[in-house]
Amino acid sequence: NECIRKWLSCVDRKNDCCEGLECYKRRHSFEVCVPIPGFCLVKWKQCDGRERDCCAGLECWKRSGNKSSVCAPIA
């Protein structure tokens, strides 16, 4: 089962948000996966669709072929 990405609904799937995200009930709205404050993706973690979530000193690197992007040291 794919994890739920940032800003997508997590109604009935509270524990399925992607790493570093938590299910949050917005006022006057439904529950969505939001970033956990202070969390960042460490080196070699997948960052597809989460380019700004890599930790300091890392950037989301698009690997060749159909491989997923990962957080890698800034060259």
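Including glycine, each Cβ sits where the backbone N, Cα and C put it.
There are 19 other CB atoms within 10 A of the CB of Cys18 (disulfide bond), with all protein chains counted. Per Swiss-Prot, the feature disulfide bond maps to Cys3-Cys18 (among others).
Every protein chain considered, the tally of other Cβ atoms within 10 Å of the Cβ of Cys10 (disulfide bond) stands at 21. Under the DSSP three-state reduction, Cys10 (disulfide bond) is assigned to coil, being neither helix nor strand. The disulfide bond annotation in Swiss-Prot covers Cys10-Cys23 (among others) and is backed by similarity to another entry.
Annotated disulfide bond per Swiss-Prot: Cys17-Cys33 (among others), in sequence order, evidence recorded as similarity to another entry. Cβ neighbours of Cys17 (disulfide bond) (same chain, under 8 Å, six or more residues apart in sequence): Cys3, Ile4, Cys10, Cys23, Cys33.
Applying an 8 A CB threshold to same-chain residues 6+ apart, the list for Cys40 (disulfide bond) reads Gly20, Asp53, Cys54, Cys55, Ala56. Per Swiss-Prot, disulfide bond is recorded for Cys40-Cys55 (among others).
Around Cys47 (disulfide bond), the same-chain residues at least 6 positions away in sequence with a Cβ under 8 Å from its Cβ are Leu41, Asp53, Cys54, Cys60, Ser69, Val70, Cys71. According to its DSSP assignment, Cys47 (disulfide bond) is coil. For Cys47-Cys60 (among others), the entry in Swiss-Prot reads disulfide bond.
The annotation disulfide bond is assigned in Swiss-Prot to Cys54-Cys71 (among others). The local packing around Cys54 (disulfide bond), expressed as other Cβ atoms within 10 Å of its Cβ over all shown chains, amounts to 23. In the three-state DSSP reading, Cys54 (disulfide bond) counts as strand.
Annotation source Swiss-Prot lists region '2 X approximate repeats with cysteine pattern C-C-CC-C-C' at 3-71.
Under the heading repeat 'Domain 1', Swiss-Prot lists 3-33, citing similarity to another entry as support. For the repeat 'Domain 1' (3-33), the number of residues in each DSSP class (helix H, G, I; strand E, B; coil) is 0 helix, 11 strand, 20 coil.
Same-chain residues lying 6+ beyond the ends of the repeat 'Domain 2' (40-71) with a Cβ under 8 Å from its Cβ atoms: 5-6, 18-20. The feature repeat 'Domain 2' is assigned by Swiss-Prot to 40-71.
Counting neighbouring Cβ atoms within 10 Å of each of the disulfide-bonded residues (Cys3, Cys23, Cys33, Cys55), the lowest count belongs to Cys55. Taken as a whole, the region '2 X approximate repeats with cysteine pattern C-C-CC-C-C' (3-71) shows an average pLDDT of 92 in this prediction. In the structure shown, across all protein chains, Cys71 is the one of the disulfide-bonded residues Cys60, Cys71 with the greatest number of other Cβ atoms within 10 Å.
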